[in-house]
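According to TrEMBL, the protein has these features:
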BINDING   A:Val178  FAD binding site
BINDING   A:Arg305, A:Gly332  D-dopa binding site
DOMAIN    A:2-347  domain 'FAD dependent oxidoreductase'
SIGNAL    A:1-19  signal peptide
2 protein chains.
Amino acid sequence: MITILGAGVIGLSTALVLAENGHKVKIVAADLPDVAGSDGAPASYASAWAGAHFRPFPAKNEGEKRLATYTFATQKFMNKLAATRPESSVQIIEGVDWLDEPDQFYQKYKGQGIPEFHVYERNKTAQHDDVDPFATVPECVNWIATYKAWSVNAPMYIQWLYRELLFVYGVEFERRRVSSLKELFVPGVSVVVNCSGNGLQYDGSHDPHCFPIRGQTLLVRAPSAHKYNNSTITHQGKDGNWTFIIPRGLNGGWILGGTKQVKESDPKPREADTQAVIARGKLIFPELLSSNGEFDVKRENVGLRPAREGGSRVETERVSEGAVVHGYGCGGSGYEMSYGMALDIARLVEGVLRRDSKL
Amino acid sequence: MITILGAGVIGLSTALVLAENGHKVKIVAADLPDVAGSDGAPASYASAWAGAHFRPFPAKNEGEKRLATYTFATQKFMNKLAATRPESSVQIIEGVDWLDEPDQFYQKYKGQGIPEFHVYERNKTAQHDDVDPFATVPECVNWIATYKAWSVNAPMYIQWLYRELLFVYGVEFERRRVSSLKELFVPGVSVVVNCSGNGLQYDGSHDPHCFPIRGQTLLVRAPSAHKYNNSTITHQGKDGNWTFIIPRGLNGGWILGGTKQVKESDPKPREADTQAVIARGKLIFPELLSSNGEFDVKRENVGLRPAREGGSRVETERVSEGAVVHGYGCGGSGYEMSYGMALDIARLVEGVLRRDSKL
């Protein structure tokens, strides 16, 4: 029996890979996906609140190259789900990045490995196209990338994984708050997978490199005729703010965001954040406004993205009862990296089991 | 603005019909579908706990004939959803009734209007068939009906309706407990639709003909190879007990039931009920047992079916502020009658609006 701590998108995806490999798996978590989409999901259960889509990024170092490979593996998986399991909510759409002032990495970025990747620079590439791609974007935007992307309806996606694990693979689930990884080493369990997001440790302490990035977003209803039905757009403003719109599949509305409040953990929506997102949204995505000139806001979401200095930790740690395989700290890229990271975590688990079976 | 009280399958279906007809609709309810499928749904929110499928029944009187027409209209709607909206969880399967001792109504029943309806009587029709339909049923069964049926994954179905109403039609939802229908007549509202299930009245009293039928069921995982993947079977025992298995679409497991505890309202699962359902289930559906000879129970469900002496009430009542259109008291047949009853409720609402517009 392999025990996984955490039922966020990383824990669930890891359970899927391990169950597909024939292992007996149990997930222990304070929150299970059945609460996602309701007020019952706390902000600490970030996967229940996410706006989730693929976005490319120029890898600035070796660590980011590893994360990029996770996103590519995930994209492959999402493409398969979109084609075969529409109820998973995965949809293939157009991804769009709008940057006011791209840094040197973006300026050189060729989007290697990303399907249908195109870059447009104002006053440079535009004149070569039949249609000026800058004709319909905010004036402040000077750099555009478009690509093939996916998006999911986050609560529906993790609930789909949950049903798949529960009923197809017979994975066990236990809703329980644990205070150390050590507690999970009971007779019959020699491998614990740590998908706790915020880095709970063997001894009950927390990884000191972990911190939350508070994200507040709005779930909005869009007027029926608008240009965001089949695309997700992320605007990176020169003031450092990111404003994005992500369609949620299966008639789930649109996520309009958002905040990136580093080391903040207030679980309640804040009126000032809502107003700031609305103000930026009105400038960047005016087509989403209702006829009264306002956004039709259905819900305010707060999720605490489980970030980590240096990026996510995927690593084996030997302990007296066996081994912990860590897989946590994805920050705001949990869905994007989920399946690729799960494959990597499972690779480490298989390594532990192979080594232990030889002992 | 038309206000509907109640977000069970009747309230939601009625909202859908009215919204499709172009009306501005608001639903006010103590519980909204986002809690369905989690521990957050109370037993009083029966639609969140249901096992839901089509079952034919011989209409014994005029009242039951009206209910039968509701089920036929609903079947037509469900067929459409199964073909066009797989994410609604609706699936078309084989319906099977097993009766130990059919009463006179069943013995004469020809299943008028029901697609692919066949009856088999032990020692009577069996010998005319190539395959003896009694060869694989429990020995106690003497009468079998098979037909084309539908089933839904109840929490997923009402959440699908919820998203459709919220994001496609712009229906408003308010989570609020109301203590009388009168309270819902605010300026701008002259028609209130009463889908309260248990018959809340204008003055805050309750319809004295209403009562709950407590239903306790088990959500089980079935072994992968068994004969219930594409069928729903209801056994009517000679002891008066009904034992049934209903597949929940989109990998939602199976509902094994159940109890019909008239005028009981205990919201918690009872161990004695669980054991009784398990004992009957082992005799009737042994193929669902795991290799250890036990059911793999994932959840115990309790729903209080909102029944009414004489059947559901669909009726217009004039009040000082306008009109109440009642649509409640479906008992255990809410899903079965849902769309047909919604059409009938909407017909009454249109009648009120037509009459009032002429005044």
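From the backbone N, Cα and C atoms, a Cβ is placed for every residue, glycine too.
Remember, TrEMBL labels are computer predictions, not curated facts.
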Count of other CB atoms lying within 10 Å of the CB belonging to A:Gly332 (D-dopa binding site):
21
Give the residue from the binding-site residues A:Val178, A:Arg305 that has the most other Cβ atoms within 10 Å of its Cβ, counting over every protein chain displayed.
A:Arg305
For the domain 'FAD dependent oxidoreductase' (A:2-347), what's the mean pLDDT in this predicted model?
95
